[in-house]
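Working notes, structure below.
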């Protein structure tokens, strides 16, 4: 094979964290054989430091996402002191503004999950990966530098930037999931994807830790304010600095991972199954080696190469008609229904459980205080305790067992246990002591993360064909965030229904027990939808897509939606093993 032909088969990118497997087989002429060899190399690769580095690069994004989402829960009280120090609000942010700021991120996340998910299937993973991190970094710094004016309130500014930041966070869900999935070794794919997702727990821990650090740093100033309404002067100035430091730090880890994200190669599965543009890939590879962003091949040569190679691959092209035809079949449509439905039911209760946080903190003695230093200190330490007690252990137990127990059993077990826990919390709420409620809360956090919170992220990144994998993951993730919005907008205000003005503690949340009962029903619904998803443990992505003959998932109706004739099969001897459903 000529040097020019070999170069034409190469694709752009490659670094220490993401090896370019496609270029290892650029000398093989038959595109179907090259595809088979390259994907087998990825699937059978022994687990090594390369995989660890890949997980870290993707995981830093989720660390940043979780940090930014969790930090706002600690920051809104500070915003009240910094910008609502008047006779009406008395240093406390209005509840409507508090809810709007928190929901803004989820709203932006839905847009990002749908938009980035679709675009990653249309223009490629490589072109989109890193862009979402740039958006997050920019919006995070913009928040930290925001100040109100006569024309614009601080709430409006924060909401605007958090919607934009949410779009970036949303883009990270499908991109990090499918890129990790498509580069992972089959044996440990679940653990790699779960380790990426488990960085959320580390992000929550870091947000609480940084809040503790800045509280200690401004201790002397905070001691001058006995409560929010009297935190003025140096106390108010200190709080204004504190929230900006906490929010601004969210941009730091993103900057660390940005280079690796921008220089990853296109995943071989996308290059083979969707792009099919070898000539452009050749020029892009040459441009990459010379530090340029893209190549500019001769259009006639490029079109000729595409015409010659597309028929040889015989892989269905993505289109609205093909999408509807694919998911119009119950065996494929039920999987999308299962992943989206499970994630929706999960997130309603997952975000709704946070409504108990103030009550839990009070139960363990980490709420209130004699001055602003004690208040912020106890809030930070309390959040550290409840994060370490349930969330972080749940994530990493899931990482350790996901490839041995399997995704489906863990998800079904998690939903079943959570149904029972929410029934107990809901119907025995007024008979539970503070410590009993804390124990149930920690158990719920553990089985959320050693359960559906992890599996709903992993399975959509595995069970769909390459041409729709990112779109389908984005749709499933967006369904979950819609559930989160419902938890914050509907169940948040419902919690205080019937509460008397000025009530505190349990009296401020008279409807909380009924909400927990409703969440038990959502967990039961999640349990039922879990039976629609396939078990993906130790199966290649091609097997899950139905491409491998002799496997339970195999569908002979391939190559444009019709079974191949014997003449077609003999003309492309390797295609039967390589086509997508």
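Glycine is treated like the rest: Cβ placed from N, Cα and C.
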Of the ranges 196-218, 219-241, 265-287, which one does TrEMBL list as transmembrane segment?
196-218
Of 314-334, 335-355, the range TrEMBL labels transmembrane segment:
335-355
Stretch carrying transmembrane segment according to TrEMBL (options 410-432, 548-570):
410-432
Need the matching range: TrEMBL marks region 'Disordered' on one of 510-545, 546-581, and I'd like to know which.
546-581
Cβ pairs under 8 Å between the transmembrane segment (375-398) and the transmembrane segment (438-459), at least three:
yes
Using Cβ distances below 8 Å and needing 3 or more such pairs, separated by at least 6 in sequence, tell me whether the transmembrane segment (128-145) contacts the transmembrane segment (410-432).
no
Close approaches to the transmembrane segment (511-533) from elsewhere in its chain (Cβ under 8 angstroms; 6 or more beyond its ends):
334-335, 337-339, 341-342, 345-346, 348-349, 352-353, 355-356, 359, 407-408, 411-412, 415-416, 418-419, 422-423, 425-427, 429-430, 452, 459, 463, 491, 494-498
Contact set, same chain, for the transmembrane segment (410-432): CB under 8 Å, 6 or more residues outside the stretch:
342, 346, 349, 398, 401-402, 440, 443-444, 447-448, 450-456, 459, 512-520, 523-524, 526-527, 530-531, 533
Given pairs 6 or more apart, does the transmembrane segment (471-491) have at least three Cβ pairs under 8 Å with the transmembrane segment (335-355)?
yes
Find the member of 151-175, 196-218, 335-355, 438-459 that has more C-beta pairs under 8 Å to the transmembrane segment (242-260) than any other listed stretch.
196-218
Pop the mean pLDDT for the domain 'Major facilitator superfamily (MFS) profile' (54-537) in here, whole number is fine.
89
